[in-house]
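Copied from TrEMBL, the annotated features are:
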| type | residues | note |
| --- | --- | --- |
| ACT_SITE | Asp294 | active site, proton donor/acceptor |
| BINDING | Glu143, His211, His232 | Zn(2+) binding site |
| BINDING | Ala154, Asn235, Ala236, Arg243, His272, Leu328, Ser329, Gly330 | substrate binding site |
| DOMAIN | 62-401 | domain 'Amidohydrolase-related' |
Amino acid sequence: MPSNKSVSDAPIVQFTNCRILRDHRLQREDLWVREGKILNPEKLFFDEKGSADVQLDCKDSIIAPGFIDVQINGGFGVDFSLATDDFKSGIDLVSQKILSHGVTSFCPTLVTSPPSVYHQILPQISVRNGGAHGAGILGAHLEGPFISKEKKGAHPEHCLRTFEAGAFQDLLATYGSLNSVQIVTLAPEMRRSSEVIQELTKRGICVSLGHSVANLSQAEEAVQHGATFITHLFNAMLPFHHRDPGIVGLLTSDKIPAGRRVFYGMISDGIHTNPAALRIAHRAHPKGLVLVTDAIAGMGLAPGRHTLGQQVVEIDGLNTYIAGTKTLSGSVATMDTCVRHFQEATGCSAETALEAASLHPAQLLGIEHKKGTLNYDSDADFLMLNDSLYVQATYIAGEEVWRQDRSGM
């Protein structure tokens, strides 16, 4: 077929012999990529009379959208809540290392910290595209300090704050800036939280409910004001009670505004949530489930003592505790491990497990037109996986950025 490059001179790559996750099912068809975007082959054939410049045999791999981690505190010895002179090199290291776990975009997460830490770190986090240098940064996730003392979890109590008279101004003064902030986790039962939620939502920032003792009506009110996410469901919130199910009740609430979906994060590491609780949540509200790692600096490192912001934590196997206590403090699980554990625990399909780490976080952040799917014209951020959902290769903007057989792993 003669090639007509009138539209673009960029090479066209055709990935063959694969099963593509598209429209919620694995379909045996080829994937076409040009200039970092996924191509519609019909337009290519019939409008451009074009053909592939390069064909790659995927050897019957699954091709799925790249994973998006909206809650990751660090990893590989790097703590995003520690203000250091080489913060940028730390974030670069994590963004490079998580490529091998299938993460192509992420939200670096800061736990409750003093204002000085936010003022120093946030200007150093900038939204950027991914590539060979590492996964893309979608913006920061600020988890705290406007959270409940009773459900602070691993957050340092002396840094917790409440909203005073000028509620939103308090928040701005604490963080210093909302540039490049994507998500804010707060406790909705706090006085004046409604006006804060409305202001954040107005600015396109996702509001998440967490570290909270809110009852169901307080949680529903927060959603009516614009909140769309729940931070690590079941963890750091009131346990489900049949007379008042609390934040957990949002999964089946009939008070959610029409056209709005509430999403919820789950740490599917086999530690933070019993598999039965994972199954209950998934069966109650499958389209809202977003897998998160909640990974800390110790991810990828040997057991021992590490940091989480202002606290010292101890890693013992897959358990991470605040030093000297049995309070869980984040996870050391990688995203691909969470995806496999989720599939195993729930018995769900491969498609469902993969979408919980790709499509759903993209929908949560309102970026599903370019990330989280393999639809035509979306970003060519994708993974090759085997049938057991182990990542074989990671691509960003159509370029291979990691491959297992070249990493020595």
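Glycine residues also receive a Cβ, built from the backbone N, Cα and C atoms like all the rest.
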The domain 'Amidohydrolase-related' (62-401) [mean pLDDT, rounded to integer]: 97
Rounded inter-Cα distance in Å - Ala236 (substrate binding site), His211 (Zn(2+) binding site): 5
Rounded Cα-Cα span from Asp294 (active site, proton donor/acceptor) to Ala154 (substrate binding site), Å: 12
Candidates Glu143, His232, Ser329, Gly330 (binding-site residues) with Cα within 10 Å of Asp294 (active site, proton donor/acceptor): His232, Ser329, Gly330
His232 (Zn(2+) binding site) as reference: those binding-site residues from Arg243, His272, Leu328, Ser329 with C-alpha within 10 Å of it: His272
Listed in sequence order, residues not in Glu143, His211, His232 with Cβ within 8 Å of the centre of the Zn(2+) site Cβ atoms: Gln71, Gly144, Ile147, Gly153, His155, Thr185, Ser208, Gly210, Thr231, Asn235, Ala236, Asp294
For the binding-site residues His211, His232, the one whose C-beta sees the most other C-beta atoms within 10 angstroms: His211
Those binding-site residues listed as Ala154, Leu328, and which of them has the most Cβ atoms within 10 Å of its own Cβ: Ala154
Spatial neighbours of Glu143 (Zn(2+) binding site) that are distant in sequence (at least 6 apart) but have CB under 8 A: Gln71, Thr109, Leu110, Val111, Thr112, His155, Thr185, Gly210, His211, Thr231
Set of same-chain residues at least 6 away whose C-beta sits under 8 angstroms from Arg243 (substrate binding site): none
Residue among the recorded positions Asn235, His272, Asp294, Gly330 whose Cβ has the most other Cβ atoms within 10 Å: Gly330
Residues satisfying Cβ distance under 8 Å from Ser329 (substrate binding site), sequence separation of at least 6: Gly153, Ala154, Ile296, Leu308, Gln311, Val313, Thr320, Tyr321, Ile322
